[in-house]
Amino acid sequence: MNHGDEGDVEMFSHEEREDPGLRPLPDTQQEVTSTSGPGDPSNSVDETSSPGSEVTCQPKTDLLRTIAVFTAALTGTLAISLSWVTHNQDIAMALLFAVGYLGIIFEQFLAFSKSGVGLLMAVSLWVVRIIGAPSTDIAVSELKHASAEVSEIVFFLLGAMTIVKIVDAHQGFKLVTDYITTRKRWILLWVVGFVTFFLSSILDNLTCTIVMVSLLTRLVPPSEYRKLLGAAIVIAANAGGAWTPIGDVTTTMLWIHGQISTLQTMKSLFLPSIVSLAVPLALMSLTSEVRGKGQDSPNVCASDQMAPGGKLVFSVGIGALIFVPVFKALTGLPPFMAILFGLGVLWILTDAIHYGERERQKFKVPQALSTIDTEGALFFLGILLSVSSLEAAGLLRKLANCLDAHIPNVELITSAIGVVSAIIDNVPLVAATMGMYDLTTFPQDSEFWQLVAYCAGTGGSMLVIGSAAGVAYMGMEEVDFFWYLRKVSSFAFAGYAAGFAAYLAVKKLHIS
């Protein structure tokens, strides 16, 4: 998007007010195409500039695609050889997983969707597993068991994302942002950080980041300071999601599978999580962007009006999310049943509020279902099924035995998981850890599982690509990887280490 074009800026602000999760560039291009005629100068500039950039990048992109396709084809050829796979199942699955994960990491360079790569990887790994398994019945039984566990997580995510979309469509989060009235830079930094921290404890960190960064554009004009505020939102969202079972996909996974419980996790991880946020905020408060002039800058644009029934929808939606652990404790049913119950209540409520109002279809659940990130849900499905195939084949157990032999210390293993999560998405990392260690090795709410929840959640803040929240922020604010590395990574690492030390200190004091 051309930042010098006032029309584009106005249009983007309008679109952003309607849906905070919109990606600026594609929607802007779509709007320009629909509103400008054939002879429109801006349209002709876009058409002439775009092909030039494609020509510049085309050779490099084609080479990378060729290498990727060749590598995938070679790996597939090896996997097709039934006799070879039967005797070398571990090698075949490791190669497939490595090639698939490289395709996910270099998604933007190869122009391949990570969701599509993840699904292909999952099916290919299970094909290899069924070839190398002692019998077909055993492999099918393993797949059914894995599918049941993975489906619980996917249904939970879809339900939670839909609830948040409905609340946001009604401008329900305006109840939170209306209280942010300060114009002092350092105060605004701390307020935004802690609002995000507590909001992320009941929303997932990705959704919370999208909502908060979108609302941030209404509070602060584009500047280095706003970029720093956005980075604080990423750190706060990851820290806030680490201490509750519903605040992050990884903690939800651990909670659903019984590695952690609700109250014990919240008691043990609240202090480390808040320390991992407070330390970066304190360090950011000393930077020139925060201490500089311009503290009293006005709001960028006026707040939107709340939709009819917005307060009621906000209360019911947030209540439905908070009710999930209560429902599980009362009924013993899996958490996804609670989230589906809450979605059903909200569905009936919005139908009743907007009954007969054709112009307000956007406030209803069918519209929300059409705008949620189903691509992201399918990506999680592919990744989790892929990891479950490695678990079924025994590869993760062998890796766990290797770690135990060379790194017998629990603190070192979990801290390493946190550092690796800055590079590798924490969802497959935690899924792999769950496959490597079972509840007989480390019982529920043991130090190991609590540290896995903390480290995998907060460790992703050290690099902007280390978490879904960081990737969303990078796209929405057009932040460069190296800017984040230079300006924020050291602060995030200091917070991660301080929170880890706080957890160990509390544990030692409690034991003594």
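Cβ coordinates are placed from backbone N, Cα and C, and glycine is handled just like the others.
In TrEMBL, annotation is done automatically, which means it is predicted and not curated.
According to TrEMBL, the features are:
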type     : residues : note
COMPBIAS : 1-21     : compositional bias 'Basic and acidic residues'
COMPBIAS : 27-57    : compositional bias 'Polar residues'
DOMAIN   : 101-434  : domain 'Citrate transporter-like'
REGION   : 1-57     : region 'Disordered'
TRANSMEM : 63-85    : transmembrane segment
TRANSMEM : 92-111   : transmembrane segment
TRANSMEM : 146-167  : transmembrane segment
TRANSMEM : 187-216  : transmembrane segment
TRANSMEM : 228-246  : transmembrane segment
TRANSMEM : 266-286  : transmembrane segment
TRANSMEM : 312-330  : transmembrane segment
TRANSMEM : 336-356  : transmembrane segment
TRANSMEM : 377-396  : transmembrane segment
TRANSMEM : 416-439  : transmembrane segment
TRANSMEM : 451-476  : transmembrane segment
TRANSMEM : 488-506  : transmembrane segment
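Mean predicted confidence for the domain 'Citrate transporter-like' (101-434): the pLDDT average there is 83. Tertiary proximity for the transmembrane segment (146-167) is limited to same-chain residues at least six positions away from its ends with a CB under 8 Å from its CB atoms, namely 21, 173, 203-204, 207, 211, 246, 249, 252-253, 256-257, 313-314, 317-318, 320-321, 334-336, 339-340, 342-343, 346, 350, 363-365, 368-369, 371-374, 376-377, 380-381, 384-385, 388-389, 391-392. Outside the transmembrane segment (336-356), and at least 6 residues removed from its termini, the chain residues within Cβ reach (under 8 Å) are 152-153, 155-156, 159-160, 162-163, 166, 256, 308-309, 312-313, 316-317, 319-321, 323-324, 327-328, 363-365. For the transmembrane segment (416-439), the list of distant contacts is 101, 104, 248-250, 253-254, 257-259, 380, 383-384, 386-388, 390-391, 396-397, 399-400, 403, 407, 448, 452, 454-463, 465-468, 496, 500: same-chain residues at least six beyond its ends, Cβ to Cβ under 8 Å. Long-range contacts of the transmembrane segment (228-246) within the same chain, counting only residues at least 6 positions beyond its ends with a Cβ under 8 Å from a Cβ of the stretch, are 160, 188-189, 192-194, 196-202, 204-206, 208-209, 212-213, 216, 220, 252, 254-255, 260, 262, 265-266, 269-270, 272-274, 276-277, 280-281, 284, 287, 289-290, 321, 324-325, 335, 453-454, 456-458, 460-461, 464, 467, 469-470, 473, 476-477, 479, 484, 487-488, 491-492, 495, 499.
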